[in-house]
Amino acid sequence: MMEKPPLPSDEEGTRMGESRSEAELLDLGVQGTSGGVASSGDADDRPAWDSKLQYVLAQVGFSVGLGNVWRFPYLCHQNGGGAFMVLYVMLLVVVGVPLFFMELAAGQCIRQGSIGVWKHISPKLAGIGYSSCMVCFFVALYYNVIIAWSLFYMGNSFQYPLPWEQCPINMTTNNTVKECLGSSPTSYFWFRKALDITDSIDESGEFNPIMTGCLLAAWAIVCLAMIKGIKSSAKVMYFSSVFPYAVLFIFLVRGLMLDGAKEGIAYMFYPKIEIWAEVQVWRQAATQVFFALGLGYGSVIAYSSYNPIHNNCHRDALMVSCINFMTSVLASLVVFVVLGFRAKNIVLNCITQNLGLLNDMATHGSNHHWWPWFNMSDPASVTIPDYREWYHHYGSQVGTNITDCDLDEEMSKGVEGTGLAFIAFTEAMAQFPASPFWSTLFFLMLLNLGMSTMFGTMQGILTPLMDNFSLLGRHRTMLTVCSCALGFVIGLLFTQRSGNYFVTMFDDYSATLPLIIVVVFETFAVAWVYGADRFLDDIEIILKWRPPVLYKYLWKYVCLFAMVGLLAASLLRMVFKRPTYTAWNHTTASETTLEYPGWALAMLAMLILAATLPVPVGYFHSWLKNRGMGPEGELAGQEIDRERYTKCNSSDALDSNSQHTPSVEDDGRPRASFLPLGLDHYRLLPQQEDVEEEEEDTM
């Protein structure tokens with residue numbers, strides 16, 4: 001390993017100093033830098049990934065989360081199936097991959113967290129990094145609640161029959177509980193047993209003690225896994241990132257054997273090209289691309305900052321993006337085969353009930369010309385097409401008691417998020433043979449998907465703070481423990497009986513707009529403030545080949561305009577459509593859509609402002625600071641900023657004790673680098689000797 005002495009703070013007023021040449025830095029293949037801005041002579045070793053596989057698993061684990069399992073299949077289901085997939089891939093290639101590549105390259109070049117990266121590019125844009133940290137914190141608060149729910153369901157899966165298979169009996173009246181009878185066993189268990197939910201967000205209710213305990217366990221797991229930084233969390237990634245794929249493949253194989261799987265897959269891939277004319281579909285596809293890759297959180301930058309300087313981040317961007325998309329497709333296949341099985345069972349039960357009513361009519365001597373031609377006494381022999389053909393001809397003559405049983409209608413009832421995982425999927429698994437095994441496997445998969453994303457989210461908070469505040473950098477363990485403890489205390493908001501409504505609020509509004517704003521500023525900073533050509537020059541140094549010039553135009557125009565368009569569409573949607581949430585009415589045993597009350601709208605606005613405010617605050621702070629220096633001081637500061645970014649060429653071997661001066665390419669074009677010089681120099685250690693010493697220690 002090698003050490004990186006500290007950056008001076010802005011208050012010290014000194015930014016340049018003696019440094020070693022970047023040629024020495026690059027030729028030796030940097031493996032890491034210190035994690036914080038410490039005082040001179042007090043630098044810490046910056047951690048590094050043990051292997052490329054460890055890094056890839058971490059990036060995949062962060063980007064592949066619960067949204068791939070319950071959000072993407074729903075969007076595909078609601079927006080034209082195969083047509084939505086084509087649209088998604090197009091936006092992924094044109095917008096998603098370039099932005100993902102940009103964040104990977106920035107983190108790897110500068111070797112800092114999100115705050116340090118944007119401060120290096122321009123001190124006026126330091127607020128971007130703080131906004132990323134705020135969003136990560138908001139997301140971590142409610143994301144760990146979902147992990148707590150998964151822990152609760154996994155704990156309840158170790159019993160037979162599963163507690164959500166049947167409606168409970170009211171011990172007082174000895175009858176089935178009315179709320180369950182009016183809905184379904186899975187809905188009743190979710191809303192009443194798990195959440196014990198209130199009828200609206202205005203009714204807070206007391207704390208749910210079981211969920212509070214599950215939330216404490218979830219934060220304890222995150223704390224233990226993160227307590228030693230990437231050295232501890234990366235080892236957990238070997239299991240948490242790989243295990244979900246094993247479970248998805250097992251579920252796919254099992255699902256393909258179910259009756260109804262073929263119908264589910266057909267519904268999934270059937271294209272409806274006409275949906276491309278709807279603006280809403282484009283907005284949803286772009287938003288899904290945006291969140292699927294984890295753009296703007298700062299976690300991608302943080303993970304990439306621990307890479308060797310010559311790592312091929314372009315290949316990583318393509319590989320992780322492809323894995324992410326293929327995971328979404330795999331998860332969609334699993335979801336649709338299971339939902340196809342569930343829908344077909346519902347339709348077959350519908351046919352059985354209707355045939356029972358017809359048999360009752362027959363026993364009372366009824367004899368009409370519309371009697372079915374199939375055997376009503378043997379429902380198993382009646383096919384869905386036969387029944388629907390009969391109903392199509394005579395349904396209007398048989399009365400309202402006899403209903404249509406439409407498979408397409410059942411399949412069109414899309415469910416997403418918690419409704420998919422904790423209601424629809426649990427209902428389907430309850431019908432599997434050995435249902436406790438499949439239920440345990442499923443919720444263990446959700447737990448691992450959530451944890452791997454949670455590790456990345458927390459890294460997006462901790463890494464920038466340790467990189468930019470020396471005190472925090474020297475007390476990594478204390479910072480991790482205190483962050484998790486704070487997250488648990490604030491997270492108690494979500495363990496109230498009305499907590500699910502706050503989870504929905506945070507999920508819908510605390511991250512969407514702030515993250516889009518963050519990525520707009522990120523793209524503008526790289527493409528226009530720093531310069532797309534200069535950025536490609538830097539990438540050429542670390543990759544040893546120049547990426548296609550197409551990226552320049554994608555960053556400067558396509559990605560930037562696409563993100564601004566997405567921001568405008570999201571703002572317009574909020575303005576013209578009052579924010580609503582879905583509540584559970586225990587009297588009618590059904591879900592209802594309610595508008596947020598005034599105080600909730602104020603809280604929602606505060607969440608958005610708290611996450612976006614650091615960007616303008618950081619800009620004005622830097623502007624006021626430069627203004628206080630006077631015209632000459634401001635000009636000198638700008639010159640120093642330019643001097644900090646100088647040519648990065650491994651052929652220029654400068655003396656380590658000499659002042660570094662900018663150089664020019666053979667074609668006369670100056671090339672700037674993200675890698676800052678001055679006091680931000682690297683103290684190189686012979687890494688080969690380190691490896692040999694480690695080998696000797698292990699022998």
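Backbone N, Cα and C define each Cβ position, glycine as well.
Note: TrEMBL annotation is automatic and uncurated.
According to TrEMBL, the features are:
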type	residues	note
REGION	1-20	region 'Disordered'
BINDING	Gly61, Val64, Asn68, Asn324, Leu449	Na(+) binding site
TRANSMEM	85-106	transmembrane segment
TRANSMEM	127-152	transmembrane segment
TRANSMEM	210-227	transmembrane segment
TRANSMEM	236-257	transmembrane segment
TRANSMEM	285-306	transmembrane segment
TRANSMEM	318-339	transmembrane segment
TRANSMEM	437-456	transmembrane segment
TRANSMEM	477-495	transmembrane segment
TRANSMEM	515-532	transmembrane segment
TRANSMEM	553-576	transmembrane segment
TRANSMEM	596-620	transmembrane segment
COMPBIAS	649-662	compositional bias 'Polar residues'
REGION	649-674	region 'Disordered'
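Here the transmembrane segment (515-532) sits against the transmembrane segment (596-620); at least 3 CB pairs are under 8 Å, leaving out pairs fewer than 6 apart in sequence. Counting same-chain residues at least six beyond the ends of the transmembrane segment (236-257), those with a Cβ under 8 angstroms from any Cβ of the stretch are 54, 57-58, 60-61, 64, 225, 327, 330-331, 333-334, 337-338, 341, 432, 438, 441-442, 444-445, 448-449, 451-452, 455. Same-chain residues lying 6 or more positions outside the transmembrane segment (553-576) and placing a CB less than 8 Å from one of its CB atoms are 91, 94-95, 98-99, 102, 279, 283, 286-287, 290, 512-513, 516-517, 519-520, 523-524, 526-528, 532, 535. Residues Val60, Phe62, Ser63, Gly65, Ser241, Pro244, Thr327, Ser452, Thr453 surround the recorded Na(+) site, their Cβ atoms falling within 8 Å of the Cβ centroid of Gly61, Val64, Asn68, Asn324, Leu449, which are themselves excluded. Through the fold, the transmembrane segment (437-456) approaches residues 58-59, 61-66, 68-69, 140, 143-144, 146-147, 150-151, 153-154, 157-158, 162, 221-222, 225-226, 233, 236-237, 239-241, 243-244, 247-248, 250-251, 254, 294, 297, 299, 302-303, 421, 425-426, 429-430 of its own chain, all at least 6 residues removed from its boundaries and within a Cβ separation under 8 Å.
Scored on C-beta pairs under 8 angstroms, the neighbour of the transmembrane segment (318-339) with the top count among 85-106, 127-152, 210-227, 285-306, 596-620 is 85-106.
Under a cutoff of 8 A between CB atoms, and with a sequence separation of 6+ in the same chain, the neighbours of Leu449 (Na(+) binding site) are Val64, Gly65, Leu66, Asn68, Val69, Ser240, Pro244. The transmembrane segment (210-227) is in contact with the transmembrane segment (127-152), judged by 3+ CB-CB distances under 8 Å for residue pairs 6 or more apart in sequence. Sequence-distant contacts of the transmembrane segment (285-306) (same chain, at least 6 residues past either end, Cβ-Cβ under 8 Å): 32-33, 46-49, 55, 58-59, 62-63, 67-68, 71-72, 75, 79, 84, 87-88, 91-92, 95-96, 99-100, 103-108, 110-115, 117, 129, 132-133, 135-136, 139, 230, 313, 316, 320-321, 324-325, 328, 453, 456-457, 459-461, 463-464, 467, 511-512, 515-516, 518-519, 522, 562, 566, 570.
Most Cβ pairs under 8 A with the transmembrane segment (596-620) among the ranges 85-106, 127-152, 477-495 are made by 127-152. Note on Val64 (Na(+) binding site): other Cβ atoms within 10 Å of its Cβ, all shown chains, come to 27.
Panel annotation: around the transmembrane segment (477-495), residues 137, 140-142, 144-145, 148, 207-208, 211-212, 215-216, 219-220, 222-223, 226-228, 458, 461-462, 465-466, 502-503 of the same chain, lying at least six beyond its termini, place a Cβ under 8 Å from a Cβ of the stretch. For the transmembrane segment (127-152), same-chain residues at least 6 beyond its ends with a Cβ under 8 Å from one of its own Cβ atoms are 66, 113-119, 194, 210-211, 214-215, 217-219, 221-222, 296-299, 418, 422, 443, 446-447, 450-451, 453-454, 457-458, 460-461, 464-465, 487, 490-491, 493-495, 499, 502-503, 506-507, 510-511, 514-515, 517-518, 521-522, 525, 607, 610-619.
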